[in-house]
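Novice: Structure in structure tokens, see below.
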Amino acid sequence: MDRISNLPNEIICHIVSFLSAKEAAFASILSKRWRNLFTIVIKLQFDDSVKNEGSLKDFVDGVLALPTSSRVRSCSLECRREFDPTHYDDFNRCICALLKRGILDLKLDICAGRRYSLPLEVFTCKTLVKLELGSDFGGFVVDLVPEDAFLPALETLLLNYIRFKDLRRCAFEKLLSACLVLKELVIHNMEWERWKWSGNISSPTLERLTISHVDLYECEFTRINLDTPNLTYLELSDAVPDDYPIVNLDSLVEVKLDLTLMVDHKYHGYVDDNDTISSNPTNLINGLRNVEIMNLQSPNTFQAFSYFHEAIPVFKNLYHLTITNNDTVIGFCWEFLPFVIKKCPNLKTLVIDGPLHYNEDRPKSVCHCLSGYSFLLSCPLEVLQITDYSGTPGEVEQLKHFLEKLSGLKLVKLHSLTRFGSDKKKLLMLPRASSKCKIKHYDSLENALLPSLKTLILDSVKFYDRCGCCAFQKLLSACPVLVESVMRNLEWEDWEWSGCASSQTLERLTIDHRYWAEHNLESFTFDTPSLTYLDYNAHVPGSYPTVNLDSLVEAKLNLGFTTDLVEDDDDPFTSDPTNLIKGLRNVEILRLWM
């Protein structure tokens with residue numbers, strides 16, 4: 001103890017930050033010097049998904065045991081599996097105790113039922129600088145914000161699956177009004193249509209705003225006001241309402257848009273010319289006139305700018321434009337692009353995040369929607385970047401138009417999963433309007449390296465073999481310190497890959513197949529000698545040729561068997577989990593699911 005006591009105060013405080021609330025409380029009685037130092041607790045954390053974390057009651061008791069003179073800077077409470085009505089009172093007592101101890105950063109990552117009510121003291125805390133409410137698993141309802149709500153120090157507010165339902169006055173608007181210095185507001189998994197609110201997002205101090213809608217089925221809300229005169233960053237992924245009556249975005253510098261037009265207030269996918277569009281983004285689009293950086297993040301957004309092109313203002317400050325073509329249908333038209341480019345007199349960089357647009361049936365022609373690329377003739381573009389360029393005849397033909405019509409072009413960056421070989425020389429020989437234009441090609445797989453990546457989460461991702469090697473395995477090989485990988489909503493049958501998961505460093509692996517498919521993998525290999533945790537929910541393939549799970553401690557299995565796995569009528573094969581089952585021989589905890 002003497003050696004530790006001789007350390008500087010800063011180091012001792014850092015050591016304390018790794019203690020639980022109860023341990024910190026017990027340690028505070030060791031000496032007078034330690035008691036004084038422990039009046040500041042750097043961080044408290046509870047996560048019911050972490051093994052050996054202890055119970056929520058133990059954590060609450062530890063917090064309540066802290067001296068009343070102590071100060072807690074940060075606390076994260078993550079209660080998803082264990083958070084049920086019997087814990088509501090304990091949880092709220094813990095929150096109130098933290099609020100009395102000068103909490104600066106509070107994260108309440110919880111999924112609670114309709115009967116849960118957040119302590120009203122949260123809305124009158126004078127010390128909170130950052131507040132995070134809700135969870136990806138469901139969040140909770142805020143049905144009352146007190147009249148005396150006052151959060152004078154709050155700069156960052158994150159809401160996840162939070163719904164506001166104050167019938168007397170708009171609780172959401174009241175909350176924003178209580179935040180005198182709010183700089184950043186993030187609303188994830190938002191459902192306007194389930195809120196009871198005024199439709200006003202108003203803050204004179206707000207600088208960054210992120211909104212993402214969770215489902216787009218029916219949206220009956222009619223209007224949203226954006227009264228945020230100091231906003232510099234906007235990320236909006238949402239269904240477009242009937243109107244944006246007030247749009248005050250004069251300070252906006254960067255915007256990312258994923259807008260979906262509604263047909264009769266319902267999600268209709270891509271809009272047809274004969275559809276009755278209930279959405280109107282006119283004022284929103286016009287309100288973007290001062291932006292410098294813009295990202296149109298989906299073909300749905302392309303449609304919004306196309307159908308309402310008359311609202312597109314002159315983007316006098318816009319110098320960097322990104323269009324994200326994440327649709328698998330290359331033929332989806334780009335009518336919006338000429339309208340936008342013509343309104344960008346100072347555009348310097350265009351990033352096409354995805355493939356170029358062309359008609360696959362007529363690859364050497366130009367789609368009518370691009371008007372022969374004539375809009376490029378007056379464009380001052382200097383840098384063109386294409387993130388998914390395969391060098392097909394159709395893509396080469398489209399690229400020619402950019403090279404031949406952009407007289408100020410200085411650099412073309414082409415990112416590809418394909419090794420060009422001799423085609424690269426042909427690419428460099430293409431004629432250009434600018435003598436200063438250089439073309440650089442980047443082989444994404446060849447240069448793949450993620451030296452610091454420890455956690456990799458893939459959700460609904462597919463891998464295709466475009467360069468003669470397994471893209472998925474190439475990705476794993478590029479992660480020399482990978483510890484955890486989570487793969488959700490998989491569709492193995494649509495992948496082009498080797499059927500192998502190989503990593504020498506991987507410790508935790510979760511695999512969750514989306515559908516019980518009629519056909520499945522012939523084989524799957526686990527080459528993961530350091531793996532200690534496996535959560536495996538998938539169909540059993542024809543075989544497991546290699547299973548290296550010698551370090552496995554815990555396994556959760558939900559295995560499906562297909563009795564008619566055939567590639568064709570003459571080549572049947574069956575599911576065989578033999579080697580997988582044998583490979584589990586060292587596990588200590590085994591859970592089998594139906």
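Even glycines carry a Cβ here, placed using N, Cα and C.
Since this is a predicted model, take the numbers as computed values, not measurements.
Reproduced below are the annotations present in Swiss-Prot:
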DOMAIN    1-49  domain 'F-box'
REPEAT    103-125  repeat 'LRR 1'
REPEAT    128-151  repeat 'LRR 2'
REPEAT    152-174  repeat 'LRR 3'
REPEAT    203-218  repeat 'LRR 4'
REPEAT    219-242  repeat 'LRR 5'
REPEAT    249-272  repeat 'LRR 6'
REPEAT    288-314  repeat 'LRR 7'
REPEAT    403-414  repeat 'LRR 10'
REPEAT    415-437  repeat 'LRR 11'
REPEAT    450-474  repeat 'LRR 12'
REPEAT    503-518  repeat 'LRR 13'
REPEAT    519-541  repeat 'LRR 14'
Novice: Under 8 angstroms, Cβ to Cβ: which one of 103-125, 152-174, 219-242, 403-414, 519-541 has the largest number of such pairs with the repeat 'LRR 6' (249-272)?
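Specialist: Checked against 103-125, 152-174, 219-242, 403-414, 519-541; highest Cβ contact count belongs to 219-242.
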Novice: Mind looking up the mean pLDDT for the repeat 'LRR 5' (219-242) in the predicted model?
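Specialist: Averaged over the repeat 'LRR 5' (219-242), per-residue pLDDT gives 90.
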Novice: If we skip the immediate neighbours and take only residues 6+ beyond the ends of the repeat 'LRR 4' (203-218), which ones have a Cβ under 8 Å from one of its Cβ atoms?
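Specialist: Non-local partners: 161, 176, 179-193, 227-239, 260, 262, 265-267.
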Novice: Counting by DSSP, what is the helix, strand and coil composition of the repeat 'LRR 14' (519-541)?
Specialist: 0 helix, 11 strand, 12 coil
